Structure formats: C-alpha cells, structure tokens
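Scroll down for the structure; my scribbles are underneath it.
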Amino acid sequence: MITNRTYAVEPWSVRETALSLDLLAQSESVFALSNGHVGWRGNLDEGEPHGLPGSYLNGVHELHPLPYAEAGYGNPESGQTVINVTNGKLLRLLVDDEPFDLRYGRLHSHERVLDLRRGVLERSCEWTSPAGTTIRVRSTRLVSLTQRAIAAVEYRIEPVDSRTRVVIQSELVANESLPDPDGDPRAAKALQSPLEPEEHAARGLRLRLVHCTRRSGLRVAVAADHVVDGPEHTTTAAESDADVARLTITSVLAPGQSLRVQKTVAHGWSGARSRPAMSDQVEAALAAAAHGGWEGLVDEQRAYLDDFWARADVEVHGDEEIQQAVRFALFHVLQAGARAEQRALPAKGLTGSGYDGHAFWDTEMFVLPVLTYTEPTAVAEALRWRQDTLPAARDRAAQLGLEGAAFPWRTIDGSEGSAYWPAGTAAFHVGADIAHAVVRYTAATGDTGFERDTGLELLVETARLWRSLGHHDHHGVFHIDGVTGPDEYSAVVDDNTYTNLMARANLLAAADVCERHPDRAELLGVDDEEAAAWRDAAESVHIPYDEEAGVHEQHSGFTRHQRWDFAGTRADQYPLLLHFPYFDLYRKQVVKQADLVLAMYTCGRWFDDTCDEEQLARNFAYYEPLTVRDSSLSACCQAVVAAQTGHLRLAYDYAAEAALMDLADLEHNTRDGLHIASLAGTWMALVAGFGGTRREGESLSFAPRLPEKFSRLAFRLQFRGRCVRVEVAADKATYTLLDGEPLTIRHHGVPVPLDDATPVTLAVPEPKRRPTPEQPPHRVPNSSR
Ligand code: BGC
C-alpha cells in the first residue's frame, strides 16, 4: 500500500499532525474549502509561508492572447485563465513585537483537521516567538454551503505563560504576488496583478474592496465584517487603500485571557452589474450572514452535510484508507458542484489554478455521474451552464464549417480556451459527453421540465454536429473521421470507437426527445426528416474491429500501428508527454488513458447487445499492456472494467490509485489543485466497479462483487425520487428501498422487485477466473508499485 502518507487515516476527517513546509502547496489543495462559487485554498491564516495563495470565484478569469508561430484559419486566439481574486482569509498576527510566522521561532505543535461532517477546517498550534513568547492559536474556517457568497473564520489567540501584546490585522488583499509556475504546461499561467482597483472602504469593523479585471471586464467585490471578543481595553482601527483593506485589532492578554475574532467575508462578481450594485450585493450578503452569526453558519453547514451524507455516504469495511478516501472524494466533489449554479465545474474545482481553471469533459463524464445519484440539482445547474454557452458553441461550429454546436475542449466562459492542438481541437466527443450527461440526469431523476427546457436543446444541437461532422460512405456506413477520442496519445483519427458509440447514443437520444416534445423540437426547426437522418446515422455507425486480434479497435487502424517501445522507456520518462514528441506518440500503439475501455463502460449496453463477456475480457486484456495512465482520469475507468471482467484484485489496485491520487499526491502535482475527476472516479470505481451499478432505462441493475480487501461495501443512490441502499458482502448483496415508490432492479441479470423497505438479500455468484492482464513496465497501479 502507499507509504508516503501525510495525513492520519480516520473515517470522517483528514488530519495533519505536523506542519511540513515542503508540502505546504499540496496541503493547501487538500484542505481547500469551496462551495462551487467561492473557493479558498487551505493557506495558513497569516498568509505566509505559502505554496500558492488562492482565493477563487467561479467564472472570474482574465483573457490573454494565444500566439501562434504559424497562423491557421479557426485557431482560437484568446485564452482564459482563472485569477486569484481578493483574499479575504488573511489574519496576520504580531506577538509582542514579532510576526507570527512559522518559519521563525519554535513550533511546539501544529494540527489541521478537515472535518468532512461539519465542513470546516480546524487548526490549532502552539508557538514560541524568537523572543520567547509562547502563544496558542486556534482557527476554524468554512466556506458556506448554504450562503453562497459567504466564507468565514473564527480565530482565537491566547498567551501561554506571560502577559502578551497582540495585534491581529484582518485584511482583504487584492493582487497578491504569486510564485512563478514551474514550467509544467498543466499548471496555470500566473497573471500578475490582474485586478484594477475601483473602490475601497473601511468603516467600524467593516472592510470592502471592489476591483475589475482589465481585459475580461469582470467586477469583483469582497467585503468583510467582524465580531471581536477580547479583554476590555481591546481596540480596533480600520483603514483601506486601493488593494488592501485592514482592520487592526490590538490587545494585551494575560495568561488565561484570549482574543477571539470572527471574520465573515462576502464575495460577488459580475460582468454586468455596476460598482454600487456590487458593493450593495456583498454588504447585503454580510447582513444576511450576521443574522445567524458564526454559530448559525456552523450549524447550517452541519445540517447541510448531514442531509448530504444521509443520501450519499459510501461505507467501506475492511479498508480504512479507502473509507477515508471515498468520503474525502465525495466531500470535494460536492464542494466543486454544490453551489456552482450555472457555472462550469473546473477540472481542479476551486482548489487551485492548475489547468488555468478550465473545465473539460471531466465534468460530464466523471463528476456529474456522482452528483446525479447524490446531489442531482447540481447536475441540472451544471448542464444549464452548458446551455447558456450554446451561442459560443454554435459560433464555433459555424466557424469550423459545421452545424449545431461544437462545445469547447477547455473553457471558463464557454468559448474555446485551448490553442490549436490536435488532441483538443479535434476532441469533439465533448458534445456527446454532454448529451450523455443529459440523458443520465433525466433518466435518473425523471425531471421532464429540465428535459424540455434544457436537455432537448443540448441534444438537438450536439446531434446536428455529429450529422454534419460524419458522413455515409457508398455502402451507407456512417463514419466520423479526423477526431480525437479520450486517449490524447492518438489524435485526429478515423472512427474512434468511443466517439462513434457516444455519438450514436447522442443521435438516438436527440431523435427520441424530439418525439417526446414535438412542440419544442419544432421551435428548434427539427422536422421528421432531420430526426430520421439522425437515426440512420446512428444505426449505421462504423465500429472498427480487428478480426485477427479478435478485439474492437480504439480507432480504425489502431491495432496495425507499431507498439510503443515500452521495454526501452524508463520509469522517469513518464508521463510520456513531457519526454517524447507527440507526433511519435500519435503513430504508435500507446494509450494515455482509458478510451476503448471507457466506451465499454459508458456504452456498455451496445457491447452487451452485440458481443459476449469473452469479447469484453479480450478487449480489456488487449488494451491493458498499452495503457500508461498518464492521465488521472484513467485508473477509475480501468477499475470499473477490471471489476466487470472479474479481475477484482486489479480493480482494487486501480480504485486505490484513483482514491489516493491527492491524499498521497501520486502524480506529484496536487499542489496545483485536486484532481476532481479522479476523486469522482473513486465513487465510480466503488459503485460502478464493485457495486456493478448500471442504469438500465428507468431502472437500475447491479452485479456486485467485492475485492478480497473489503469485507463489506455499502452505498446509497438517489433514483427517480427514491433512495436505494445497496450493501455488498463477499457472498451476498442486500438491497433496501429506503424511500420512495416500488422499483424492480436487477441483480446479476435477475429481476428483483423492491416493493417496500424490507431488505432483499441475494447470493453473489463467483466471477469467472481469467489470467490477470499485465500493464506496461513501471505502470502497474500505483497502490502496488
Ligand atoms: C486528460 C484529459 C482531461 C484533462 C483535465 C488531461 O490530462 O488527458 O482527458 O480532460 O487532463 O483533467
């Protein structure tokens, strides 16, 4: 198992018992708090030392040019980068006449705990200043899941053995200086000083700063209010300047006395609202938060999370590390989506600036599956954001000479944020991924209002894209040529199986939804002929198959390519993209991330209808030795199909890799932000992998099987107004309808009616034993490496 653990293994918390300055950036990501709208990295209260200061507002970005050595038609020319907005976390502290800075003096103890049930980050430490004054500092921080604009900190200081003069400077700071990125293309372009000052104010215990981004023209307002509780002679003074607003709190504390500051910070941004309107907005948010005070915020947070865990918890018995990891994963996935409300869900959530804060297909294929069955309202919101960005996607399709909508490979504001590169520009599958998420959400919730108002338009515009991107050959077979599938080590290929099968489902779903809502379809100009053309294309889509190898091809001609020289590739040459030229990766059999294997999961129905279990096992065995997992999106997909094909130990190793990606910093880049898709993939590996959960139309099927390490796995799913609990042991599975109307599910293919709350227990059949497929050298799953 993984040895380099920094955090104690506990079921409901992530505890760091000593501060390691080398790991500061990493722990800032792990301890990040967010509600999907506001994100605060787990920076120390006093701001320094830091790895990467980070305060984010979902959607706030700056534009920058995308220069090309050689011009080309249709190349995106403007990029977007998330920016570090005004920092409201800061509480600097002066102890007698020395700054509380952990790089100096003596740190006796330092503990931070991310409490997954209360949704707070707690910190406590004891420190002696270089001059010999010893103090205790405790803080509790939250980003409110119930009051979207609000984050808050309770900060408490007490002297240990002598009368101590303390000064707390509670600040709002804009345009903090940021460390230079380290050259990894996946890290963010740090835009220095992106905010133009517009207004600053400080009065009583209140502070406010309003800024505007230079090129993207987004107005950002942040305000803070305080409750100060200290000995009688405690004084306060407020001041502000263009980029700093400060409340200075001064006191002299005798041993046994303490100074407590509760700081509430309100955030808002807009591309349209005026400066006074934004100031009023954040002041109003502060007033609302003051209503219940600090205790109110803490209580609401707990109640929100109690409700979430009652619907979403996953219990793992026999493996404490995975138990902690899956709850940590669910917590961060919830944080990424809970209150995003018609904004993107970035690949790093709001935990860091990696990938420039862009959202990818990660949202629809990794994050939304979890939220669909645990927090479905967040899914509808995320997909409404896609709908809001349809004008940009239609423009992009028109620019490319295509019909319908071409959604961006990576974006913040809906326009394409990726400079031309084959793996991104041709990754049209993102449209089908969005369609897939629409179908999954509507089927799992029965939300027909959403289907009519949002789903239909997304399905129609993406179907139009496929129809214009693909063509029928002279035999009538439908091909989609020149696209890139999920595997970024193959690009601009013909008939990528994943893309073709996902497009097929997209085209059929569009035709079906138009039949269900003909009035809406008509408004979009869909007639019978267009819907029939979608069905024709779907039914005749080409799926490449290599007869000799007896496997489905990732794309036409893939299995004919030369194999990558795996034996000649050293361990330190991974990820390959940082050590070998793309052109060479493109022309060899080497797979960055699950592609055909992902199709076997997401389009499992098509495989079930067209081939047998042996075919699935052969496909899996063929792609395993080629798949290097240079993307964190891969392990979870491989876990699901490994479990499906009976390789339970291998599935476990992949599940553990996905689960521990950030808690054990497996890819050494957790500092840039968490891998939200991999965290979501942890749930996927457990629920879809070991739970064998699949949606079948308007019902669910399960084919559970546990790896040896687990003695029991239990999870809950929200499904069409019901709550279903599944509990799996080595030899049996128990299904309980906790809430809602009767439902007939399937257990290993057998229909099982769940009529009421009486648990139904069934035997779990043994899997068929097959030799375990091998991975490329140095690329066995990380948990057993
Ligand atoms: C993967 C993409 C993914 C992106 C963001 C890349 O490494 O290849 O599939 O969307 O990371 O997570």
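Every residue, even glycine, has its Cβ placed from backbone N, Cα and C.
According to TrEMBL, the protein has these features:
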ACT_SITE  Glu488  active site, proton donor
BINDING   Trp361, Asp362, Lys592, Gln593  substrate binding site
DOMAIN    16-270  domain 'Glycoside hydrolase family 65 N-terminal'
DOMAIN    327-684  domain 'Glycoside hydrolase family 65 central catalytic'
DOMAIN    694-752  domain 'Glycoside hydrolase family 65 C-terminal'
REGION    176-197  region 'Disordered'
REGION    763-785  region 'Disordered'
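Annotated features, which come from TrEMBL, shown on the structure.
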{"residue": "Trp361", "record": "substrate binding site", "Cβ within 10 Å": "23"}
{"residue": "Asp362", "record": "substrate binding site", "Cβ within 10 Å": "26"}
{"residue": "Glu488", "record": "active site, proton donor", "Cβ within 10 Å": "22"}
{"residue": "Lys592", "record": "substrate binding site", "Cβ within 10 Å": "22"}
{"residue": "Gln593", "record": "substrate binding site", "Cβ within 10 Å": "22"}
In the same chain, who gets a Cβ under 8 Å from the region 'Disordered' (763-785) while lying at least 6 residues past its ends?
1-2, 564, 566-567, 569-571, 574, 613, 617, 620-621, 624-629, 635, 645-650, 652-654, 656-657, 660, 666, 704-706, 728-733, 748
What other residues of this chain sit with their CB within 8 A of the center of the CB atoms of Trp361, Asp362, Lys592, Gln593, the recorded substrate site?
Phe360, Pro486, Glu488, Ser631, Leu633, Ser634, Ala677
Would you mind reading off the Cα separation of Asp362 (substrate binding site) from Glu488 (active site, proton donor), to the nearest angstrom?
14
Longest CA-CA distance among Trp361, Asp362, Lys592, Gln593, per record bound to substrate, angstrom:
16
How does the region 'Disordered' (763-785) divide up by DSSP, counting helix, then strand, then coil residues?
3 helix, 1 strand, 19 coil
Separation of alpha carbons, the residue listed as 'active site, proton donor' and Lys592 (substrate binding site) (Å):
6
With DSSP helix as H/G/I and strand as E/B, how many residues of the domain 'Glycoside hydrolase family 65 C-terminal' (694-752) fall in helix, strand and coil?
0 helix, 39 strand, 20 coil
Round to the nearest Å and give the CA-to-CA distance linking Gln593 (substrate binding site) with Glu488 (active site, proton donor).
8
Quick one: Cα separation, Trp361 (substrate binding site) versus the residue listed as 'active site, proton donor', in Å?
13
So, in DSSP terms, is Asp362 (substrate binding site) helix, strand, or coil?
helix
